[in-house]
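Peer 1: When I checked Swiss-Prot for this same protein, it listed these features:
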type	residues	note
BINDING	Ser56, Thr57, Arg58, Thr59, Gln83, Arg107, His134, Pro135, Thr136, Gln137, Cys273, Leu274, Arg318	carbamoyl phosphate binding site
BINDING	Asn167, Asp231, Ser235, Met236	L-ornithine binding site
Amino acid sequence: MKNLRNRSFLTLLDFSRQEVEFLLTLSEDLKRAKYIGTEKPMLKNKNIALLFEKDSTRTRCAFEVAAHDQGANVTYLGPTGSQMGKKETTKDTARVLGGMYDGIEYRGFSQRTVETLAEYSGVPVWNGLTDEDHPTQVLADFLTAKEVLKKDYADINFTYVGDGRNNVANALMQGAAIMGMNFHLVCPKELNPTDELLNRCKNIAAENGGNILITDDIDQGVKGSDVIYTDVWVSMGEPDEVWKERLELLKPYQVNKEMMDKTGNPNVIFEHCLPSFHNADTKIGQQIFEKYGIREMEVTDEVFESKASVVFQEAENRMHTIKAVMVATLGEF
């Protein structure tokens with residue numbers, strides 16, 4: 001644990017395979033301890049700032065519960081809760097918070113912002129999500145897959161279907177490369193990840209005995225998968241023309257029963273970082289249905305509610321894995 005002490009957690013690419021495996025094993029240990037009532041608080045008297053430029057359910061709750069379980073105090077600063085970027089630079093905010101807090105979580109837009117916080121705060125900074133990356137999510141995704149499939153990480157065939165450029169796709173590809181997984185990214189060519197990231201991940205995968213395949217061929221991409229993973233196709237705030245174009249591009253890549261069957265694996269599981277547009281029972285879901293006639297977007301309700309779906313176990317594991325990151329980088333042993 002000592003080797004991660006005072007480290008920031010900004011992207012999985014900053015960590016070795018052994019370090020990521022350590023965080024996942026620690027997550028298992030902390031989860032087990034919580035379940036059987038033997039958890040020992042290792043963050044006593046630590047003060048943690050949660051800096052959110054984007055609202056969240058799972059990330060905020062996971063950090064707050066994990067910190068509480070471990071004896072830490074938390075201050076939540078929401079989208080209107082600080083002056084960062086408005087009256088105060090990120091560099092200045094970092095130095096202010098670093099003088100008062102032992103650790104800082106950031107969830108927002110730019111990867112450069114979380115990097116600046118880490119550079120100038122003098123305390124561990126944890127990336128709760130940026131437009132480019134989502135490393136804490138991937139720890140939960142991998143832990144869930146191992147728990148359900150009963151396989152070593154390197155033996156898991158992990159497939160992401162959808163927008164290959166988004167933060168979750170980027171983070172999953174990084175994590176899979178580090179862990180030596182067989183990773184398929186199934187997406188339209190127009191939505192491929194950057195060549196720079198893809199080439200870097202392919203090199204890392206080769207070093208760790210893994211493999212990365214990028215394809216727009218759904219049959220080829222999903223065959224043999226242990227995990228089918230998807231994420232939302234569009235984000236609120238994007239212009240209407242982007243929605244229309246994205247929906248047309250991604251409609252064939254909807255995760256449905258036919259796609260799950262194409263894996264040829266009766267034990268395949270479905271993962272999603274949530275929230276999901278699997279029906280029209282939300283305000284945004286209803287707006288999408290009224291405007292585009294689509295009731296189910298990236299995944300059908302049938303798959304989302306099926307036995308193959310492990311999305312709520314995955315959501316719970318956000319808390320256990322985030323706890324592991326905080327304990328490993330800030331804990332007292």
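Including glycine, each Cβ sits where the backbone N, Cα and C put it.
Locate each feature and note its surroundings.
Peer 2: A 10 Å cutoff on Cβ-Cβ distances gives Cys273 (carbamoyl phosphate binding site) a total of 26 other Cβ atoms nearby, all chains included.
Around the Cβ of Ser235 (L-ornithine binding site), 13 further Cβ atoms fall within 10 Å across all displayed protein chains.
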Peer 1: Write out the long-range same-chain contacts of Arg58 (carbamoyl phosphate binding site), meaning residues 6 or more apart in sequence whose Cβ is under 8 Å from its Cβ.
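Peer 2: The list for Arg58 (carbamoyl phosphate binding site) reads Leu274, Ala315, Arg318, given in order along the sequence.
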Peer 1: I'd like to confirm something. Which of the binding-site residues, Ser56, Gln83, His134, Thr136, Cys273, has a Cα closest to the Cα of Asn167 (L-ornithine binding site)?
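Peer 2: Result for Asn167 (L-ornithine binding site): the nearest of the binding-site residues is His134.
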Peer 1: 10 Å Cβ neighbour count around Gln83 (carbamoyl phosphate binding site)?
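Peer 2: The Cβ of Gln83 (carbamoyl phosphate binding site) has 12 Cβ neighbours within 10 Å.
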Peer 1: Drop a 10 Å sphere on every Cβ of the binding-site residues Ser56, Thr136, Asn167 and tell me which sphere holds the fewest other Cβ atoms.
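Peer 2: Lowest Cβ count within 10 Å among the binding-site residues (Ser56, Thr136, Asn167) is Ser56.
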